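Below: the structure, in structure tokens.
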């Protein structure tokens, strides 16, 4: 009723009034974006006087509330952070700890001094998140940055969003994450075209690096790219690192609590990314001049000369990286706090200045509990190490890593071995089936342990016996405990034993993919003391969580990587922990676990020496000792424990309660206890080691040579540019490549038989590298595999196919920005496309067209594995062969591009006589049509790097959070090819015959030539471009703003602009006093009243929400029609109903032919509720579209009548004309093919 009344009132307006109304609304929106709220209010009131409606009234109310809120407050006060020159909002500044202010000053010094990047490597739990948010607050307030890209693991998104809201409520923060491609794209466009922070994940970066690095088809330069948990790019050849380097950025900041986890090459990789190659030279030089001497010096059997050289080289390395690197440990911060006179002064005199005092951290005792193997474990361990047939029984490969994996399982629990191995080793009456071997870890787990009694499960493992007694004692004492393990099957056993003992437990592992559920369990554990145990996998639970309610941590099995275990411990030992923390690391005596621990100690000494934690830490073990992993030692006593006890026995920090607890631990039949936290408390005397070679100039010369080589490589501009162009950072620096493709000679190709899998073309190198990567289920893995070992063959077989199947142990795959082999899959986009391609290959007139525009279409498959023959040329199809058919995307009526919203897959079965009929009918009249059909649907690649990989999941594949994307994978990759349309300029505007048999989103997905593999997933990316720069006449519809005001300097509601044209209250505090004389109020986006900024954002974006209301839609559409009649000048935009596809091929080709190659078309994201704003006047009347629809229906009806009368040729003409208007009706398409078939027979 209200809608009809509003429509009637709008109908009463004259064309002049309608035009004035729309003009006022448009100008009011522009004023709002520019921050002039008074002018916006005035203009909205004028619009209301002409035509009052709910939409305008709502906007007026919002602006009035914002003005009132602003008027109530005076100026914000700002403070210079540590005299660095960066002004920070006072209230925010006063809530920061002193060391956090120093961190912000360090970040600003990088910007101020022209350094392009740096690493903030504070210990875990010291608030790196808060430091970054406060730094960005000051930078945005001073208008020094506009666009920031923040990349992090998926599990941390909610934490960052919560902290942004808490500290800087006025900052515009959006996420590029989630299943909705439209929403992701819209958020990215808002940040790129206005300003603010966009948050995304490493997986999203890998899948969408092109979209994140471009806007409207051009390179988009971010002011800052910030990586949290930056050790994800510790290897420069991982997918995360490669894609991150492809994002153009003026400045890069890395956040990590563990800058080195294994070796110094990881440190080089981080600095090479952060400083964009301008600090540590090339990897080869760094390895030779720095890594090798330092690593050798850390070994116990190093000569005095090697030790002295390593010491001096590490000192030199620290001096080089010092301006770019800041790391503080908890102990260092605590010591500084206790000796800081300013803090003590402020405590006595509160008026001196507000300094937020850091709370005291509790004591941490990190204990190593040396566990003896039970007789059963000891027996199996000895047999495995000594007997060949036992190795063959338990081993799937001869890889030494696999042997270590089996030995680690034996140390934890024999039931971790396969069901067959347990049965053959007489470990109870375990069932075994082939299915167990196929499905891996979890499938047989239930049957595997359900038949075993609790007592048996405990007695088979020394660790399990100790753990049950320990957890019972801790529960009785009222402590909450975290239990970490690398294996879900260990957690399954522990969970069952604890539940049977009536423990209240919670659990998080890789199978908990929903962030909401994770947050719920964490919150429950933090607030409810009844939950005494929290079970977590080290990979998932060890990153980004705060679990300070617990005061005890158990590491059930040690990791090869010392940082992994350290991160797990820091879930508890961080700011906010009020109780003393005790950590229990369970390690078995005389086994591979003890040697893994010794390896951890060796790595840790490297980290401490090179990052400055220790000048010269004590050398505990030699490299030779670390190599002896497979020797059998004393299972009753630990040599490592005895060695450490002799060094550190008297240094343990303890109290009466801890002493009593340690006495209890000794009563649990353990071999001994060591103190991990006392490691490296001893330093060697530097003088002692340097005396031997005090007079030698060799060391000094080596240090000078190393520094000279690194500096010369870093400062060599030509070398730097060459590295960038050869690598991924120069992907935007490369010149556009325009290659004239030659026609392929026509050859007689054999008809291929349908195969169950893709052929693989590998060199001997690749085969050996792939074989080397096959290891047993539960081996320790990095989160991302090094791609450098996997080379994809660039050789293309003569039949035109580009098959490549790589089997990897990995959870995901995507398109990389660097060329790693070129795989083109030729998919037909429609039935007519198939027929036309087939006859073209037979007649030879479409060879060039086929070669120029293969459809590089990528589709996700469901998680169940399949190998599919993806790329057969259509001339090779046999009779009744089933074709893998992709649903062609509907044409966007505004962009004239074919888009692909989701992968709708169907299977079409075509008899050969159908194709023959179509071929015969089209042979004479539609050669040009065939070419035109091919071109708009094909998507030329802009990046020559597409490939398909088959992936084999690891046993703990669920622990990688990227697995949660697999249920939405077809929605995650987004970049539509934009170059294809431009090639249609020279094509005759003829009719296109296209067939779409699947418009439904819920169409069942089917795949042909399927062969099931164990836990394999095929993940492909969406369409991408082949060449670096093709033609940008058609811009990417996902990269444009939902607003048309590109020429207007846009107001950022979150951050004031340094521009005299803006209202004074939005000025940065750094504006000169002469400008600020008329300022009513200055505000920071960190102030609480900056919530008004959010209101302004809502006003700006209101058309996207309110325009969904029927009244606003109908009334303003009516007003726009009236405005068109008035003849007022307006920008020309074609507006058609997106739900209809009335675009004829004539219109399409003419539109394309008139577009200029360099022109950037105005486009909108496909998900925007109202692509064109109210203020835009449109030209194309909807009557034409309605008329076209009517013509379409008439043509279809007439064609059916002619068909019934037997007039085949006339009926075919009508239906082809109908398909010119609307090409997506499957009924008409099939009818047309049927007529072609009949015509051919006659």
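Residue positions begin at 1 at the first shown residue.
Cβ from N, Cα, C; glycine included.
Here is what Swiss-Prot says about this protein:
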type    : residues                               : note
BINDING : 122, 123, 124, 125, 126, 127, 128, 129 : ATP binding site
DOMAIN  : 466-626                                : domain 'Helicase C-terminal'
MOD_RES : 14                                     : phosphoserine
MOD_RES : 755                                    : phosphoserine
MOD_RES : 773                                    : phosphoserine
MOD_RES : 815                                    : phosphothreonine
MOD_RES : 963                                    : phosphoserine
MOD_RES : 989                                    : phosphoserine
MOD_RES : 998                                    : phosphoserine
MOD_RES : 1021                                   : phosphoserine
MOD_RES : 1055                                   : phosphothreonine
MOD_RES : 1061                                   : phosphoserine
MOD_RES : 1110                                   : phosphoserine
MOD_RES : 1180                                   : phosphoserine
REPEAT  : 1192-1225                              : repeat 'TPR 2'
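Highlighted in sequence order, 257, 574, 575 have their Cβ within 8 Å of the centre of the Cβ atoms of 122, 123, 124, 125, 126, 127, 128, 129, the residues recorded for ATP, and are not part of that set. The Cβ of residue 129 (ATP binding site) has 19 neighbouring Cβ atoms from other residues within 10 Å, across all protein chains displayed. Every protein chain shown contributes to the tally, and the Cβ of residue 124 (ATP binding site) ends up with 22 other Cβ atoms within 10 Å. For the pair residue 123 (ATP binding site) and residue 14 (phosphoserine), the C-alpha distance works out to 69 angstrom. Of the recorded positions 14, 122, 122 has the largest number of other Cβ atoms within 10 Å of its own Cβ. Annotation for residue 127 (ATP binding site): spatial neighbours 97, 100, 575, criterion Cβ-Cβ under 8 Å with sequence separation of six or more. For residue 128 (ATP binding site), the same-chain residues 6+ apart in sequence whose C-beta sits under 8 angstroms from its C-beta are 103, 120, 122, 228, 255, 257. Here the Cβ of residue 125 (ATP binding site) has 20 other Cβ atoms within 10 Å, regardless of which shown protein chain they belong to. Broken down with DSSP, the repeat 'TPR 2' (1192-1225) shows 27 helix, 0 strand, 7 coil. Under the three-state DSSP scheme, residue 128 (ATP binding site) falls in the helix class.
For residue 126 (ATP binding site), applying a Cβ distance below 8 Å and a minimum sequence separation of six or more within one chain yields 99, 100, 328, 330, 333, 574, 575. For the recorded site, residue 122 (ATP binding site), the DSSP three-state label reads coil. Counting in whole angstrom, residue 125 (ATP binding site) lies 66 from residue 14 (phosphoserine) by their C-alpha atoms.
Neighbours of residue 123 (ATP binding site), defined as other CB atoms within 10 A of its CB across all chains, total 20.
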